[in-house]
Amino acid sequence: MGSEATAVDNLQQPLIEPMKSEVDFRMESVLTDKHLPYFRRLYFASLIELKFLLNLAAPAIFVYVINNGMSMLTRIFAGRMGSMQLAAASLGNSGFNMFTFGLMLGMGSAVETLCGQAHGAHRYDMLGVYLQRSTVVLLLTGLPMTLLFFFSKPLLTSLGEPADVASMASVFVYGMIPMIFAYAVNFPIQKFLQSQSIVTPSAYISAATLVLHLIFSWLAVFKLGWGLIGLSAIHSLSWWIIVLAQVLYIKMSPRCRRTWTGFSWKAFDGLWDFFRLSAASAVMLCLESWYSQILVLLAGLLKNPEVALDSLAICMSISAISFMVSVGFNAAASVRVSNELGAGNPRSAAFSTAVTTGVSFLLALLEAVVIISLRNVMSYVFTDSPAVAEAVADLSPYLAITIVLNGVQPVLSGVAVGCGWQAFVAYVNIGCYYVVGIPIGYVLGFTYDMGAKGIWTGMIAGTLMQTIILLIVTFRTDWDKEVEKASRRLDRWEDSQPLLKQ
């Protein structure tokens with residue numbers, strides 16, 4: 001009775017509250033309390049975990065929505081200048097910017113593993129070192145990427161883009177060069193804060209920046225007449241505002257006092273090992289993000305591809321909206337697992353994985369039911385064409401399955417980042433997506449003349465195989481060994497011990 005009273009006392013806190021800078025040991029104590037009946041333990045632990053998820057996932061989803069909102073506003077203002085300008089801005093955003101965003105976000109995910117585990121282990125001084133080390137690696141990576149932006153015009157022309165569109169797109173891309181280095185600083189900072197469960201300040205900063213972005217973009221286009229390069233430069237400026245505001249928060253907030261102790265020469269130690277972990281993280285994320293884009297590219301090779309491309313574009317837009325929720329659970333899973341492993345709480349890490357996966361899956365299932373229910377009307381938000389609407393309705397079962405899989409797969413990827421399995425998952429992604437999924441999609445789509453359905457079937461097959469593999473690996477994991485690995489990773493960072501799962 002006393003144990004149950006203690007467990008109940010642990011829950012007498014507001015549902016949404018500022019997350020503590022310490023890893024909370026309440027859940028581990030509940031899970032290991034043999035005096036409580038088994039299902040009571042699960043009940044109390046679930047309530048504790050759901051509070052963590054709500055505090056972590058909701059602001060992360062909001063930040064992701066706001067960041068996408070800035071890109072959308074940029075395209076809207078470009079469209080007000082003309083259809084050619086809209087095409088150029090869309091090409092710059094969807095091509096060069098998304099490539100840079102995915103690469104930098106992926107490389108910045110290395111900080112999630114190390115900062116999360118270090119914070120859980122109370123090695124607070126190392127968080128600032130990892131932040132600086134990651135920033136150095138990403139800034140160095142950004143230097144060669146500027147060449148891609150500088151030579152965007154001949155690159156686009158060689159890919160078959162019309163000369164006038166390529167010329168306008170290159171002007172837009174030039175204004176995004178400062179954004180490369182904003183990403184290089186922002187993503188390590190973002191992961192540094194997330195690893196300490198500090199997520200709400202980033203949401204406030206992003207929301208304020210979105211308002212400024214709207215005002216500055218309006219001034220650049222309608223008052224100053226700066227054109228495309230001014231519009232993209234404002235986009236870069238907005239990202240730098242986010243960076244500087246987060247830096248100011250880290251410097252001034254008492255919540256970062258122990259984790260940020262100033263610049264250190266240790267940031268330049270072990271850069272190669274850090275680059276390897278960062279590169280593995282980038283490969284893992286980029287292979288996932290490029291996979292759906294290849295689906296659209298293959299659809300463009302179909303006979304009479306107009307309806308197929310339009311219907312797929314609508315389905316991908318709906319899927320992207322749903323995926324924003326999954327991104328929040330991805331961040332929550334990474335933080336929770338890395339913190340618990342660093343703190344030496346194997347049961348909490350395993351339980352958090354199960355709860356996060358289950359909640360995300362149930363939400364995705366609900367979204368899929370809504371998609372199926374609205375399959376005959378939802379496309380009219382995007383188009384007036386009955387043919388495209390019919391094609392979208394025909395593809396809605398594939399969209400629903402994809403949304404359900406996306407409710408599980410990103411969470412498992414977040415768990416992998418929390419454990420430091422990035423290299424392993426990268427190999428899984430290569431095999432499932434590019435050896436299985438795309439070839440199956442090509443054969444079904446073109447050889448068996450199934451069209452967009454065949455291509456999407458291949459995509460689902462690859463994602464399903466990847467999800468099954470990650471589920472098996474995750475739920476067969478020896479979490480006690482993962483705790484030991486996390487401890488060794490932190491102890492031997494300066495040595496030659498590998499950071500990646502072998």
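Keep in mind that glycine also has a Cβ here, set from the backbone N, Cα and C atoms.
Features of the protein shown, as given by TrEMBL:
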| type | residues | note |
| --- | --- | --- |
| TRANSMEM | 42-66 | transmembrane segment |
| TRANSMEM | 86-106 | transmembrane segment |
| TRANSMEM | 127-151 | transmembrane segment |
| TRANSMEM | 171-189 | transmembrane segment |
| TRANSMEM | 201-220 | transmembrane segment |
| TRANSMEM | 226-250 | transmembrane segment |
| TRANSMEM | 271-291 | transmembrane segment |
| TRANSMEM | 311-333 | transmembrane segment |
| TRANSMEM | 354-375 | transmembrane segment |
| TRANSMEM | 395-417 | transmembrane segment |
| TRANSMEM | 424-448 | transmembrane segment |
| TRANSMEM | 454-475 | transmembrane segment |
Can you say which of 42-66, 226-250, 311-333, 395-417 has the most Cβ pairs under 8 Å with the transmembrane segment (86-106)? 226-250
Using a Cβ cut-off of under 8 Å, list the residues of the same chain at least 6 residues beyond the transmembrane segment (311-333) that approach it. 52-53, 56-58, 60-61, 64-65, 68, 194, 199, 292, 295-296, 299, 352-353, 356-357, 359-360, 363-364, 367, 371, 378-379, 382-383, 388, 391-392, 394-396, 398-399, 402-403, 406-407, 409-415, 418, 452, 456
The recorded stretch from 226-250, 271-291, 354-375, 395-417, 424-448 sharing the largest number of CB pairs under 8 A with the transmembrane segment (201-220) is 226-250
At least three Cβ pairs under 8 Å linking the transmembrane segment (127-151) and the transmembrane segment (271-291), pairs spaced 6 or more in sequence? yes
Taking a Cβ cut-off under 8 Å, which residues six or more beyond the ends of the transmembrane segment (454-475) line up next to it in the same chain? 291-292, 295, 298-299, 312, 353-354, 395, 398, 401-402, 405-406, 408-409, 412-413, 415-416, 421, 424-425, 428-429, 432-434, 436-446, 448
Is the transmembrane segment (226-250) in contact with the transmembrane segment (271-291), using three or more Cβ pairs under 8 angstroms as the rule and ignoring pairs under 6 apart in sequence? no
